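For reference, TrEMBL has these:
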TRANSMEM  6-25  transmembrane segment
TRANSMEM  37-59  transmembrane segment
TRANSMEM  79-100  transmembrane segment
TRANSMEM  112-136  transmembrane segment
TRANSMEM  156-175  transmembrane segment
TRANSMEM  182-204  transmembrane segment
TRANSMEM  210-229  transmembrane segment
Amino acid sequence: MSPLTVNIILIILGLTPSLVWLYFFARKDCHPEPKNLLAQTFLMGIIISPIAILLQFSFAQLASVLMGISQASTQNTSYFFLWAAAVEEVIKFYAVRMLILRNPEFDEPVDAMIYMITAGLGFAAMENILVMFRIFPDGAQATLATWTLRFTGATLLHALSSGLLGYFLAMSWFFRDHRKKLIFIGLIMATIFHFTFNTFLSVFDNRVTGLIYSTALLLLMAFLVSILFDKIKDRHASTTAGLATVVSNKTINLLR
């Protein structure tokens, strides 16, 4: 195969996990979002990802100087894992903040979860593409094995951590006076989840043990995010129904 063909295949491999998960999560919205806006949000997640990479690289360089260890060793410390998780969650949130929060299409709470997940999957797509190009020289078998692990692991991680933050952003729809506090709590929760996942993959000498723990965490979070989707939709439905009842009663009273 020509180098161009290989590059195209690797890019497609990097994009596919995110697009599959996006299709899955987008179906959670009873009133589907405009495809062009979802595409823009996904693309924004891709575009903004280099900022996270730059901040992580800068932290690793600074920490290696301060701690007197190599940059590679710095990237295996809990400090780096925590910093990396926090940076990525903040970056994904700002992608949605810049593009969506003042958009008229952002017209119901569940949209916050949908768009946060979309931005997270865009971010994951860029990560996947970079990983595919890095691992490809090790051979097709290593590439496919890594692709499978990223499909079921890191890509889903980004979707779920963004969905968790999206839930708190959605809750700020109902408690506007506490919006900043709710978003901050969401960022903390998403960062802890992200940090814990990365730690599980690195802390155990036996890699299989790390995969078991991280997979269990993903399953638990997938269950939780599914519940949060239902909770936010039910809350919005009950609030809307309550407002409709109040308006109806006032109209009847005016007509009497």
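Quick reminder: no glycine exception, Cβ is built from N, Cα and C everywhere.
Contacts between the transmembrane segment (182-204) and the transmembrane segment (79-100): present, as 3 or more C-beta pairs lie under 8 angstroms, all at sequence separation of six or more. The transmembrane segment (156-175) is in contact with the transmembrane segment (79-100), judged by 3+ CB-CB distances under 8 Å for residue pairs 6 or more apart in sequence. Long-range Cβ contacts of the transmembrane segment (112-136) within its own chain (Cβ-Cβ under 8 Å, at least 6 residues beyond either end) map to 6-7, 10-11, 13-15, 17-19, 21-22, 25-26, 28-29, 33, 38, 41-46, 48-50, 52, 88, 91-93, 95-96, 99-100, 106, 142-143, 146-147, 150, 154-155, 157-159, 161-163, 165-167, 169-170, 172-173, 225, 228-229, 232. Only pairs six or more apart in sequence are counted, and the transmembrane segment (79-100) with the transmembrane segment (37-59) gives three or more Cβ pairs under 8 Å, enough to call it a contact.
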